[in-house]
Amino acid sequence: MSDSIVIDGGIPLRGRIEVRGAKNLATKAMVAALLGDTPSILQDVPQISDVSIVTRMLDAYGVAVTSPEEGVLVLDPSNVERAHFAQIDALAGSSRIPILFCGPLLHRLGEALIPDLGGCRIGDRPIDFHMDALRAFGAIVDKSYEGIRITAPDGLTGANIELPYPSVGATEQVLLTAVRARGVTELKNAAIEPEIMDLIAVLQKMGAIIWMEPNRTIFIEGVETLSGYTHRAIFDRNEAASWASAALATGGDIFVGGAKQQDLMTFLNVFRKVGGAFEVHEDGIRFYHPGGALKPVQVETDVHPGFMTDWQQPLIVALTQAEGVSVVHETVYENRFGFTDALVEMGADIVVHQDGLESVTRRVPRRKLEQAAVITGPTPLHGADVRVPDLRGGFSYLIAALTAEGRSTVTNLGIISRGYEHFVEKLEALGARFELVG
Ligand code: EPZ
């Protein structure tokens with residue numbers, strides 16, 4: 001695929017595109033297939049590079065992954081075997097998903113070798129919650145030059161775990177480990193994102209016993225065997241919200257096929273407050289700019305059911321066109337406003353407060369490492385040459401280039417294909433004027 005795109009901006013995006021299964025569920029459901037004794041079938045799998053990376057990791061461990069038709073994966077774990085170091089090492093730095101192989105591999109092989117992780121550079125992104133949880137199940141964690149080696153000589157036993165923060169990945173780690181551990185696991189302060197609920201649905205189809213109590217508590221009763229599943233992945237909320245912000249910023253009108261209201265309610269409220277309009281249909285949601293001025297907002301990112309950290313970057317581009325001062329408080333990651341530098345180069349007025357800002361209207365208590373971005377608009381954007389820094393920041397550059405007057409070049413597009421399926425074809429369908437280069 002080309003590495004760069006030259007965009008002639010200033011044209012409202014209009015038309016219909018489809019979103020398929022969520023990156024942040026499909027990749028985890030693929031890992032869950034390792035736990036079954038029989039093949040699993042996953043439907044609505046997006047063609048994105050994170051899916052390819054997990055496919056390679058599964059392949060290294062002997063899981064046969066085939067695709068009988070577009071969007072469908074059959075994952076056969078009948079011949080799970082130890083991986084060669086070179087195969088694992090080749091995946092180092094490419095994604096964070098491999099960390100979730102730990103529990104399933106411990107159950108299947110008694111040991112797990114995990115490459116050094118990658119993923120978006122949006123802060124430290126430590127794995128201490130994951131490792132502490134695995135130790136609570138009885139695993140032994142060794143960090144070596146090869147990566148992380150985890151063993152469980154006495155098998156894994158259910159545990160009482162309380163996460164210091166409702167981490168998505170650590171909750172998934174506990175679920176994928178507890179389902180086949182001996183006894184009952186109680187997980188307190190769990191993340192409850194819709195993708196996690198969908199992963200629980202996958203595991204229940206496989207034979208797991210999982211129930212929830214109020215206040216973010218999940219119980220898992222371990223079972224001896226699990227079988228394969230057939231499952232259609234939940235739609236990609238982050239992609240849907242990204243296209244919605246693109247419609248707003250460019251003054252356009254986009255029908256996002258496959259988007260569902262229930263899982264986007266928090267986003268829809270903010271979208272409406274900014275001055276965007278939407279219509280909920282059976283088969284998707286139409287997002288459009290109804291005319292008139294956009295309004296400034298105060299937003300705090302948070303864990304579900306709050307406003308997702310992955311929604312703020314595309315929204316910020318729309319906020320550069322709102323009349324007045326908006327504030328976005330980032331409370332999930334400690335360094336997720338780096339992408340705004342390029343927006344400033346394109347004419348936006350954005351000031352990032354690295355130590356955050358106090359505000360009397362805050363809903364989320366201030367976190368230690370948070371930051372705030374103050375966006376003053378409206379500011380016309382002009383074309384520039386920008387380089388994609390991370391997945392969501394990168395998509396926001398596409399939106400900025402589409403909104404700007406004049407020509408922009410966006411390079412390092414490979415990162416965007418980690419999470420946005422066929423985004424070039426979708427831009428074409430929406431009437432964007434661009435050319436791929438490189
Ligand atoms: C998932 O990342 C998503 N990635 C992220 O999507 C998303 O932004 C994030 O959840 C929050 O919703 C995938 O699902 C692959 P976390 P994850 O553990 O699981 C701290 C995208 O663009 N933390 O909930 O890695 C961490 O540093 C992305 O699609 C620890 O301190 O997120 C962060 O501040 C990027 N120790 C906070 O918790 C740990 O061991 C939340 O992280 C783990 C996390």
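Residue 1 is the first one shown; counting continues down the chain.
The backbone N, Cα and C atoms fix where each Cβ goes, glycine too.
Per TrEMBL, active site, proton donor is recorded for Cys120.
Annotation for Asn24 (phosphoenolpyruvate binding site): same-chain Cβ neighbours under 8 Å, separated by at least 6 residues, are Val168, Glu193, Glu195, Asp236, Asn238. Per TrEMBL, phosphoenolpyruvate binding site is recorded for Lys23, Asn24.
Annotation source TrEMBL lists UDP-N-acetyl-alpha-D-glucosamine binding site at Arg96, Asp310, Val332. Asp310 (UDP-N-acetyl-alpha-D-glucosamine binding site) is surrounded by 24 other CB atoms, counting those within 10 A of its CB over all protein chains shown. In the three-state DSSP scheme, Asp310 (UDP-N-acetyl-alpha-D-glucosamine binding site) is classed as helix.
Annotation comment: TrEMBL describes 9-427 as domain 'Enolpyruvate transferase'.
Look at TrEMBL and you will find Cys120 tagged as 2-(S-cysteinyl)pyruvic acid O-phosphothioketal.
Comment: UDP-N-acetyl-alpha-D-glucosamine site residues Arg96, Asp310, Val332; largest CA to CA distance 17 Å, whole number. Most Cβ neighbours within 10 Å, among the binding-site residues Lys23, Arg96: Lys23 holds that distinction in the structure as shown. Taken together, the residues of the domain 'Enolpyruvate transferase' (9-427) have an average pLDDT of 95.
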